[in-house]
Amino acid sequence: MPQFLSTTDADFEQRFSAVLAAKREDSPDVDDVVSGIIADVRARGDVAVLELTAKFDRMQIDADQIRLSDAEIDAEIAKVSDEEQHALELAAERIRAYHTRQMPSDEMWTDPDGATLGWRWTPVSAAGLYVPGGLASYPSSVLMNAVPAKVAGVERLAMVVPTPDGIINPLVMMAARVAGVDEVYRIGGAQAVAALAYGTETIAPVDKITGPGNAFVAAAKRRVFGKVGIDMIAGPSEILVIADGDNDADWIALDLMSQAEHDESAQSLLITTDAAFGQAVADAVTVRLETLERREIAGASWRDFGAIITVRDLDEAARLCDRIAPEHLELCVADPEALSDKITHAGAIFLGQWTPEAIGDYVGGPNHVLPTARSARFSSGLSVLDFLKRTTLAKMSPEALRAIGPAAEVLATSESLEAHGLSVTARLRKLNG
Ligand code: NAD
């Protein structure tokens, strides 16, 4: 059973704080292992990658097999059903359309002092996409990472995906093809992240690495950050549903379970204005947990981290929501737009009872790679901006230099940076004859 809380309880603050602070991630000490793997790949390149792949993915291959050939990818794609192909293509199209609208514009203007200023956006040249493949396969993650990269204009997109025991997932290959991935490598874990960051004989290094993975992948991304850019370190999934009593309890139960089934450390929360409805949802979850295929995982997440919170009104719900800063937020209330306007911190908001969060996981259009562990307070989900850089532009006219140069001289002198000041002074002297 999840926890039941009410804002009218005397000990509410204490219990709500405990829900917020629950340590959900099992973080085994993987850092030493990962630093050893990265050093090994840097020193021995493909040889180290091949040894580690044999060890962790139980797969003996040669260096020329690290990259999948087009013929191999074609053979896998041929196994995908028409129905699955159409679903992937629809998803890709919708994700592409959404992310195309995200593209920012370049700007250039001349200010009253005569200085011409601006910025322009350019893509990273090469991106590496990590696709998890240890325990399950995630074709939707391929689309969510690769499509924005291509929309941003990334020229070279290299994907790594472990294929334990040599088993390749056809849908992952189809997603890579549909999204326009340029190179696919059958490696995973920290060794794949190291290979993308530092390069090997077979894999040219990239500039940015994105994509989710297990604790080894996350630790490797942290360690290569600086050599390359990374997107974020994603933790276990979360959903918060805010619902009034005018909902189908079974629908809300399924929405809560859709995140709980990801991971035993996932967190599913319900905030409701109607205590009886909260109980009805809890009962519906119990019924669903009798038959869901992933009932063990979903049940453990719900038992350990789930909570149902009764509030006095929706204003109170909005205030609690901002303290939770959930990764996914569903608003199942009569006027979801009005409630949404009161919320500042959430990774993705799903408005109204016809918008289950799972639509956003696959085909809605917005990205499903989102900030977890309350990081929606200061960060956003994956977007085209993750694959772009902004270069600033400045051009001084003689009048502009005359107008603002003297202030630069003063500041340079106060920082004791003589050459800085003189570089302006020399030009001003010329201008002033
Ligand atoms: P994975 O590809 O992340 O990890 C498999 C690799 O881990 C193996 O290839 C191996 O190299 C390495 N590894 C395993 N045991 C090791 C050990 N003892 N020492 C060194 N390396 C070792 O696949 P996974 O394990 O299935 O994990 C996928 C993760 O990604 C899950 O936690 C899942 O929840 C998460 N995920 C998150 C999202 C998201 O959007 N947040 C999406 C999809 C998946």
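Backbone N, Cα and C define each Cβ position, glycine as well.
The following features are taken from TrEMBL:
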ACT_SITE  Glu327  active site, proton acceptor
ACT_SITE  His328  active site, proton acceptor
BINDING   Tyr130, Gln191, Asn214  NAD(+) binding site
BINDING   Ser237, Gln259, His262, His328, Asp361, Glu415, His420  substrate binding site
BINDING   Gln259, His262, Asp361, His420  Zn(2+) binding site
Sparsest-packed of the listed binding-site residues (Asp361, Glu415) - C-beta count within 10 angstroms: Glu415
Of the recorded positions listed as Tyr130, Asn214, His328, the one whose CA lies nearest the CA of Ser237 (substrate binding site): His328
Among Asn214, Glu327, His328, Glu415, the recorded positions whose C-beta sits under 6 Å from ligand 1: Asn214
Under 8 Å by Cβ from His328 (active site, proton acceptor), counting only residues of that chain that are 6 or more apart: Ser237, Glu238, Ile239, Leu240, Gln259, Ala346, Gly347, Ala348, Phe350, Glu357, Gly360, Leu370
Other CB atoms, at most 10 A from the CB of His420 (substrate binding site): 15
Among Gln191, Asn214, Ser237, Gln259 [binding-site residues], residue with fewest other Cβ within 10 Å: Asn214
Additional residues around NAD(+), ordered along the sequence, whose Cβ is within 8 Å of the centroid of Tyr130, Gln191, Asn214: Pro132, Val160, Pro162, Gly188, Gly189, Ala190, Ala192, Val193, Gly213, Phe216, Val217, Ala220
Asn214 (NAD(+) binding site) versus His262 (substrate binding site) - Cα distance in angstrom: 13
Mapped DSSP class for His328 (active site, proton acceptor), helix or strand or coil: strand
For Tyr130 (NAD(+) binding site): intrachain residues, at least 6 apart, with Cβ closer than 8 Å: Val160, Val161, Gly188, Ala192, Val193, Leu196, Ile209, Thr210, Gly211, Pro212, Gly213, Val217, Lys221
Number of Cβ atoms other than its own within 10 Å, given for Glu327 (active site, proton acceptor): 29
Binding residues Ser237, Gln259, His262, His328, Asp361, Glu415, His420 (substrate) - maximum C-alpha distance in whole Å: 56
His262 (substrate binding site), number of other Cβ atoms within 10 Å: 20
